[in-house]
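**Q** As annotated in TrEMBL:
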type	residues	note
DOMAIN	21-195	domain 'GH16'
ACT_SITE	E101	active site, nucleophile
ACT_SITE	E105	active site, proton donor
CARBOHYD	N109	N-linked glycosylation site
Amino acid sequence: MSSLSSSVLLLVLMFTASLMADSTVNFYQDVEFYWGNQNANVSDGGKNLTMSLYNSSGCGFQSYNTYLFGRFDMHIMLVPNNSAGTVTTSYLSSQGPYHDEIDFEFLGNVTGQPYICHTNIIANGTGGREQQFYLCLMVNEIPIRVFNNNEAIGVPFPNSQPMNIYSSIWDGDSWATEGGRVKIDWADAPFAASFKNFIVNSCEDSSGLTSCGSSSSNSSITSIEALGAEELDTEILQELAWVEDNYMIYGYCTDYERFPQGFPPECYQPRFMQ
């Protein structure tokens with residue numbers, strides 16, 4: 001994703017094993033399990049993680065470090081086969097009632113039906129900016145969500161609160177699949193999601209925003225300005241439009257029943273800005 005301080009917040013989902021990296025975050029050393037640690041299995045010296053959901057508990061981790069700028073890549077193998085009612089997440093969040101949060105939630109489905117990627121942006125405690133997409137293809141560095149900086153018209157933007165990185169798997173069958181009509185079949189438990197190739201290329205807030213770069217010294221970024229240099233070029237704009245036209249199944253800016261008195265102000269601005 002591009003810098004949180006730039007003119008847009010670009011959310012990029014990558015799911016293929018084709019992305020090669022020199023090193024990864026270590027799940028032994030760089031994260032803590034804040035919930036259901038008994039359902040976490042770390043392997044390959046900390047490079048791979050499997051988190052499982054049982055009827056009694058799911059599992060979740062958060063990064064020790066907090067980040068304000070950066071790009072975060074992770075390969076996630078979602079729950080296979082009948083995953084209805086399960087929710088697997090990867091998101092960033094700060095703390096407190098006026099927190100910032102950038103959400104990816106992967107909503108399971110019955111066997112043969114596609115996952116739904118549920119995204120949301122919370123800025124200064126204000127959310128309700130959901131978009132949902134069918135995951136019917138293997139995405140390789142194709143952006144699926146962009147959130148413009150509209151602070152000039154009073155819309156909060158997540159560019160001032162350092163955030164931890166979180167991932168989890170949990171029981172969401174009250175709403176996740178067909179609005180909660182399809183429940184988890186616990187006979188298929190445990191439900192397992194796997195995580196690997198977790199790459200952080202960022203400035204750590206704990207270092208005073210002066211220590212920039214990825215966990216690989218070969219691909220380091222040496223200045224905060226470099227992290228903010230990415231822009232939406234014509235090709236990316238075309239990809240975003242293609243994803244919205246072909247795979248987006250819900251967008252809050254077109255939900256007239258939810259906003260009968262008018263949409264949030266950002267909905268009246270250009271969708272994609274360079």
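Cβ atoms here come from the backbone N, Cα and C positions, even for glycine.
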**Q** What is the interatomic distance between the Cα atoms of the residue listed as 'N-linked glycosylation site' and E101 (active site, nucleophile), given in whole Å?
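**A** Distance (Cα to Cα, whole Å): 25 Å.
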**Q** Taking only the residues in the domain 'GH16' (21-195), give me the average pLDDT of this model.
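**A** Across the domain 'GH16' (21-195), the average pLDDT comes out at 93.
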**Q** For N109 (N-linked glycosylation site), what is the secondary structure by DSSP, using just helix, strand and coil?
**A** coil
**Q** Restricting to the chain of the residue listed as 'active site, nucleophile' and a gap of 6 or more, list residues whose Cβ falls under 8 Å of its Cβ, or answer none.
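**A** Spatial neighbours, sequence-distant, of the residue listed as 'active site, nucleophile': Y91, L92, S93, S94, N120, I121, I122, G127, P158, M163.
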